[in-house]
Every structure is written in structure tokens, then in C-alpha cells.
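According to Swiss-Prot, the GTP binding site annotation covers 33-40, 60-64, 78-81, 145-148, 178-180. Feature annotation from Swiss-Prot assigns Mg(2+) binding site to 40, 62; the stated evidence is sequence analysis. According to Swiss-Prot, the domain 'EngB-type G' annotation covers 25-199, on the basis of sequence analysis.
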């Protein structure tokens, strides 16, 4: 199961800050989340490309803003993971500065896919991201990642709790369960990306039947 647009994603460039980003036009959707929430794995599954975004067992390896081009108008963007403590303080501040510059200034940014581990409640920094994007009026779609590690009941409970929080405080955000390992939730996240990218999938033509 592949998506006709996102399977075409190819690495474009990495930028340490806003001034090194590609030209600001078209449609971009950025992927954000805590450094161990499964962001790179999700990107690889969504694009059906195992090695597109580099995964690592060491959280915090994504230190640059990484751009992947789907077509001439549309890009996916892998943002630096936030909230990881075991990095140099100056490095951490530089990441946060480039992250905030990109999210606040980038006019082609149409939405944010945000990773939250389904096995635990959102952290303080996750909630700060939701508060921040709310003030910017930036749409957010949350992937409750690693949902395959939960049984069906606890997974649904995690989804309902997050949905209730969003309904009460964050009307700009939506949420779904997602598993990179089991490839669960792909259709839902593809539909959200299509909406933000203003992309219509080609309709497969039906073979003509001969009249008798």
C-alpha cells in the first residue's frame, strides 16, 4: 500500500536555520515531536521509503530541518526533535531557535504532524507545542505513535483522552492512533496530508466493458 505522491518524496536539503531553507512557496507539512516519539519512522512509513528519514536508537539525532520534495509544489519537512535533555545546552537552544523560526515565519507551512507516544500522557513540552500552534492558528494532526504496543482497550482509551483534551482546549488539532511497525493508520494520515497539500489522488479509470 503506497501513496502516489508521498512515495515520490526525495531528499532535497538540510538547513541549520531559516536562512538556509529552500525558497518559501507551495505547500509544506512539517513533522515534529519529542526526540524518542518515532518521528523518523513515521515519515519513512508514510512515504513507503525505509531509509528516507534517518532513524537512530539515540534520540535527538535530527539536528537540522530536513526537506523532502514530493513534487514541484509540495514538500515534507522533518523538524529537529524537541525536549531531549542529553544534549549540549547551546545545541539545544540552537535547535529550538531554528524550530521556532521555521514554524512562526514559513508561509508555505500548511500544517504540523505531531508525534506523541500513545503509551503515556502528553508531556509538558507537547502541551507547550499545542499552545504555541494554537496562538499561530497552525493546524495540527497528532499521531499517537507505537499504538501496536498497547492492547485495543488501552489504545482506544489513550485516543479518547487525547480527543477530549483537544475538544476542550485545542480546537485546531485532530488526533489518531498510528503504528509505524504495523503500518496502522496510514489512510487517515494520508487523507490529512492530502487536505493540507490540496492534493487530489488520481482516479483509476475503469476498464471499458463491451456492449453486448
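Placement of Cβ uses the backbone N, Cα and C atoms for every residue, glycine included.
All features noted in Swiss-Prot, drawn onto the structure.
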{"residue": "33", "record": "GTP binding site", "Cβ within 10 Å": "27"}
{"residue": "36", "record": "GTP binding site", "Cβ within 10 Å": "17"}
{"residue": "39", "record": "GTP binding site", "Cβ within 10 Å": "28"}
{"residue": "40", "record": "Mg(2+) binding site", "Cβ within 10 Å": "23"}
{"residue": "64", "record": "GTP binding site", "Cβ within 10 Å": "16"}
{"residue": "80", "record": "GTP binding site", "Cβ within 10 Å": "24"}
{"residue": "146", "record": "GTP binding site", "Cβ within 10 Å": "25"}
{"residue": "178", "record": "GTP binding site", "Cβ within 10 Å": "28"}
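Under the DSSP three-state reduction, residue 36 (GTP binding site) is assigned to coil, being neither helix nor strand.
The average pLDDT the prediction assigns to the domain 'EngB-type G' (25-199) is 89. Cα to Cα, residue 40 (Mg(2+) binding site) and residue 178 (GTP binding site) are separated by 13 Å.
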